[in-house]
Amino acid sequence: WYHDNLTRHAAEALLLSNGQDGSYLLRKSNEREDLYSLSVRGKDSVKHFHVEHTGTSFKFGFNEFSNLKELVMHFANQPLIGSETGTLIVLKHPYPRQVEEPSIYESVRVHTAMQTGRTESDLVPTAPSLGTKEGYLIKQGKIVKNWKTRWFTLHRNELKYFKDQTATEPIRALDLTECSAVQFDYSQERVNCFCLVFPLRTYYLCAKTGIEADEWIKILRWKLVRLCAGLPGRTAQAAA
């Protein structure tokens, strides 16, 4: 269940598509060399927990373990607090490491089909759950062209943004069925910018890094391709 260089988003996609409540895997963290990330599925979301390797032990919150097996055995019998809402997650099902990281989200569905023995077409109804993503982005205002940090969530065909991660009500929910294009943008005096083109407005967003911006663009384009294939009257230009 150790997946080495599996990315955060690929871990989410695999656990959501082929895991169950309590499925978990360990991977290298993208943040520091001495950090690992324990990715755990709880209901319809995936939570990520830092595990620090000190050289002689593994630190997880206030707990310290001599090896990873000891850590997993400990939390297999005690719940993890997985979110601000108090969601409890228990490590129940290790996710096997004999999988390849998907280069694009479509291949996650193929992998799921192979693992479960089902055909790829059987998985179409659950495919939207693969395309979940959340994080902070900097958004340009509509009237006053200032930039403010907002918390974005992508689920199914909706991109919502909130004042911050703790807010319960979104400022706005964007329906991706109305979006015609997602692309990098170089018209603003900011780096790592991209835009979403809607009939009445183009939304300009900036990520902290180019890699993060690229991840958002890839998954949003993947959504548009899926919408193009499923909705009459839309053209392939939507994915451009």
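Heads up, residue numbers simply count up from 1 along the chain you see.
Even glycines carry a Cβ here, placed using N, Cα and C.
Since this is a predicted model, take the numbers as computed values, not measurements.
For reference, TrEMBL has these:
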DOMAIN    1-95  domain 'SH2'
DOMAIN    130-225  domain 'PH'
For the domain 'PH' (130-225), the number of residues DSSP places in helix, strand and coil: 21 helix, 40 strand, 35 coil
For the domain 'PH' (130-225), mean pLDDT (0 to 100): 88
Helix, strand and coil totals (DSSP H, G, I; E, B; other) for the domain 'SH2' (1-95): 19 helix, 36 strand, 40 coil
